[in-house]
Amino acid sequence: MLRRLVISIMLGMVSALIVWLFHQAMLGLEWLLFSRTDGSLVAAAASITGWRRALTPALGGLAAGLLLWAYQRYQHRKPSAPTDYMEAIEIGDGRLDVSASLVKSLASLLVVSSGSAIGREGAMVLLAALFASVFAQRYAKPKEWKLWVACGAAAGMASAYHAPLAGSLFIAEILFGTLMLASLGPVVIAAVSALLTINLLQGGQETLYQVQTLPSPWPVQYFLMALLGLMAGFSGPLFLKAMAASSHAFRSLNLLPPLQLALGGIIVGLLSLIFPEVWGNGYSVVQSLLTTPPGVLLIGGILICKLLAVLASSGSGAPGGVFTPTLFVGAALGMLCGQIFSLWPVLGDNIGLLMALTGMATLLAATTHAPIMAALMVCEMTGEYTLLPGLLLSCVIATTIARWLRPISVYRSH
């Protein structure tokens with residue numbers, strides 16, 4: 001028991017360090033490309049000329065594609081293990097291919113830092129899980145390998161989103177049946193250790209998103225939250241179907257990986273000429289939506305362009321995560337509804353923010369089929385725990401409808 005406790009804490013601390021180092025590497029590339037270190041790719045896009053804005057994501061995609069293509073071409077052996085930590089935990093034995101995972105993470109760093117509309121958390125969690133896998137193979141029994149990889153993945157998620165409980169449930173819900181409930185203890189300990197470490201490294205204990213404090217929802221607001229869950233239940237499968245169609249369209253072009261990723265990048269770059277907000281994973285835009293939301297038409301325009309950018313990035317094969325882009329789409333959809341509802345003052349002054357947070361949780365639930373994780377993650381990311389009952393209700397509704405329409409979640413379809 002003591003041994004597991006010590007290993008869990010160690011994996012949590014190292015995972016947080018890995019996530020922090022990846023973020024520092026992103027800031028370093030941002031300084032090289034844009035002479036900025038504020039971490040906002042949207043601000044970087046707005047500060048450069050139009051031709052640079054159009055070409056930078058394409059060049060980043062080209063560089064990442066060349067890296068992946070060269071590795072595949074000159075690697076004379078088949079991968080000894082997967083590079084997907086989900087696969088390693090669910091159907092594998094806990095091993096990850098070290099060299100392939102490192103190359104994939106480096107390629108992700110290139111596309112994320114150059115503006116592609118893809119999440120950075122994919123590489124962060126992969127690297128955390130990779131360290132846990134290497135450690136387990138050397139110091140643990142084979143029957144424990146999956147457990148420690150799960151600890152690394154949960155700790156990476158907790159570090160990236162400041163959400164240790166949601167990071168733990170991310171493993172428990174999405175990989176249901178592959179881990180015994182008794183094994184959840186080390187996963188939670190690793191995730192909490194990761195949060196404490198990342199707070200120490202970043203010099204603060206702020207939530208990921210800063211929002212105004214909301215009171216407990218009124219009965220009519222609970223109804224609207226449930227209604228938004230219903231809408232997300234239909235929107236989630238459509239979003240996943242669009243991602244699958246985009247991927248199929250890019251593959252049908254039969255391009256080499258460098259050209260395929262460059263094409264995805266140029267689409268993002270051209271869209272950014274209309275709205276610079278399409279650059280990056282969407283974190284800064286979500287923060288802006290939650291604090292100073294623009295008008296309905298502007299939100300709608302940004303949403304359409306960002307959605308096309310996400311489809312271009314993911315469809316072209318850009319390595320990265322879809323968590324944060326999904327949160328953005330959900331926040332924008334929710335804020336659109338909230339802005340419309342705000343025309344009726346009886347629904348409350350904070351209805352826009354409430355709907356945006358509900359949209360984030362429900363679309364995440366509809367795409368991951370993990371309602372408890374999605375609801376708890378939004379609460380942890382914002383500190384708005386008074387919303388948890390309403391978010392749980394709306395997320396369960398969204399997940400139920402999404403499962404009925406499309407039994408395969410975003411993680412089963414990738």
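Backbone N, Cα and C define each Cβ position, glycine as well.
Since the structure is predicted, the reported quantities are computational estimates derived from the model, not experimental observations.
According to Swiss-Prot, the protein carries these features:
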TRANSMEM  5-25  transmembrane segment
TRANSMEM  54-74  transmembrane segment
TRANSMEM  116-136  transmembrane segment
TRANSMEM  147-167  transmembrane segment
TRANSMEM  169-189  transmembrane segment
TRANSMEM  220-240  transmembrane segment
TRANSMEM  255-275  transmembrane segment
TRANSMEM  292-312  transmembrane segment
TRANSMEM  327-347  transmembrane segment
TRANSMEM  353-373  transmembrane segment
TRANSMEM  381-401  transmembrane segment
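Recorded stretches compared: 5-25, 116-136, 220-240, 292-312; the one with the most Cβ pairs under 8 Å to the transmembrane segment (353-373) is 220-240. Proximity of distant same-chain residues to the transmembrane segment (147-167), defined by a Cβ-Cβ separation under 8 Å and at least 6 residues beyond the stretch ends, is recorded for 7-8, 11-12, 15-16, 18-20, 85, 88-89, 94, 96, 120-121, 124-133, 135-136, 140, 175, 179, 183, 186-195, 197-199, 206-208, 323, 373-374, 376-377, 380-381. Comparing 5-25, 116-136, 327-347, 381-401 for CB pairs under 8 angstroms to the transmembrane segment (255-275), the maximum falls on 116-136. When each of 5-25, 54-74, 116-136, 220-240, 327-347 is scored by its Cβ pairs under 8 Å to the transmembrane segment (381-401), the top-ranked stretch turns out to be 220-240. With Cβ pairs under 8 Å as the measure, the transmembrane segment (116-136) is packed most heavily against 5-25, out of 5-25, 54-74, 220-240, 292-312. Outside the transmembrane segment (5-25) by six or more residues, the chain places 39, 105, 109, 113, 120, 123-124, 127-128, 131-132, 135, 140, 148, 151-152, 155-156, 158-160, 185-187, 189-198, 201-202 with a CB less than 8 A from a CB of the stretch.
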